[in-house]
Amino acid sequence: MAAQGEPQVQFKLVLVGDGGTGKTTFVKRHLTGEFEKKYVATLGVEVHPLVFHTNRGPIKFNVWDTAGQEKFGGLRDGYYIQAQCAIIMFDVTSRVTYKNVPNWHRDLVRVCENIPIVLCGNKVDIKDRKVKAKSIVFHRKKNLQYYDISAKSNYNFEKPFLWLARKLIGDPNLEFVAMPALAPPEVVMDPALAAQYEQDLQNAQATALPDEDDDL
């Protein structure tokens, strides 16, 4: 039974991607989740309970963060088991982190076959972007959702969670009625740059996919 006032609707969300892509920074932005996180020693994981208030009541994502184990190779199956959704993160200033996305995706779907997955390109606040919108095609091949994000500026923080919530609840009209308390931005996302990136993504979306897999 959920405790009094606890959201009845809860989902296990696994957060994966190369070390240094900003996964922990991202999940720590949600202040109550950071305050109430629990450490699971057997798996070496921190679980952050992130609550979002929607027009259909509160939803909790129990976000599993690896605490850096991915630097030592793959993650154990216990991390993925019973995950109901996932975020795969890479760093837009580091091409190798995007090149490794297919490996993370493969590990994930081997254990969790048909779960909704969002791909996030983090650090878009940094001017020296290496992985441009037109080269981000993996999500289109695998039917994932994609968002540019900037954890340190809170840019698009809620987008992956809203998309996952709509998929998991089965309601495309689900909305967040209030934003969670987020840590104050450490950097400011340039609105002109954000607008440019949104346009680039729209243009890329309208372009035919390349046949070869050289871009992965």
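Placed from the backbone N, Cα and C atoms, the Cβ positions cover glycine too.
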Segment assigned the feature region 'Switch-II' in Swiss-Prot (from 68-84, 119-135): 68-84
Distance, ASP18 (GTP binding site) to GLN69 (site 'Essential for GTP hydrolysis') (CA atoms, angstrom): 10
Secondary structure tally of the region 'Switch-I' (37-45) (DSSP, helix then strand then coil): 0 helix, 4 strand, 5 coil
Number of other Cβ atoms within 10 Å of the Cβ of THR24 (GTP binding site) across all protein chains: 18
Largest tally of Cβ atoms lying within 10 Å of a Cβ, found at which of the recorded positions THR21, GLN69: THR21
Helix, strand or coil at ALA151 (GTP binding site) [DSSP, three-state]: helix
